[in-house]
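One structure, pasted below without further comment.
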Amino acid sequence: MYMCVCARVHDSLNQIDPENHERLYLTNSSQNGLMVRNDSKVVSGGIYARHLMTWLSYFPLQQIHILDGLDLVTQPAREVHKLETFLDVPHILTQGNFIYNASRGFYCLRAVCSPYRVKCLGKNKGVSHPTMKPSTRRLMYEFYRPHNEEFFRVIGRRFDWEPT
């Protein structure tokens, strides 16, 4: 599962030594060994069920559009079309408004009113993320699993987020 996370999180990951990035989200407990840091903003940003429950205290689920961030990255025109439909606004953006930037790995947006103006995501997007050890990936998966299962239960659908 992939969802948008605050750019500040990405800044934090990019500003530290790649070999030590795990200290942002892991801690070594003398009693329990390596554990996920509950006090980390990097970790709490990924607890989508918690964020959704806050939104649901103000809006019914039918008024919230949830999308898979990976689909938005790989098929932006299709996902924007779904969003325009959800919002009941005219369908303005088409496949022609999205130009793939191979060097960044993301699509850029061609302005509707000025076809020569193209806007790309900020410099923190499309960068390589630090490599995660398989043992760390498994630890993170186990930490997020109950939170993600709660999220899936509330929204009534699932996203593919199994570890690879």
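Cβ atoms are placed via backbone N, Cα and C, with glycine included.
Please treat TrEMBL annotations as automatic predictions, because they have not gone through curation.
Since this is a predicted model, take the numbers as computed values, not measurements.
As annotated by TrEMBL, 3'-phosphoadenylyl sulfate binding site applies to TYR107, LYS125, GLY126, VAL127, SER128, HIS129. Positions annotated as disulfide bond by TrEMBL: CYS108-CYS120. Residues annotated as domain 'Sulfotransferase' in TrEMBL: 41-147.
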Cα of TYR107 (3'-phosphoadenylyl sulfate binding site) to Cα of CYS120 (disulfide bond): how many Å, rounded?
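CYS120 (disulfide bond) has its Cα 7 Å from the Cα of TYR107 (3'-phosphoadenylyl sulfate binding site).
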Between the recorded positions TYR107, CYS120, whose Cβ has more other Cβ atoms within 10 Å than any of the rest?
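Max Cβ neighbours within 10 Å, all protein chains included: TYR107.
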Please give me the CB contact count at 10 A for CYS108 (disulfide bond), counting all chains in the structure.
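That number is 15.
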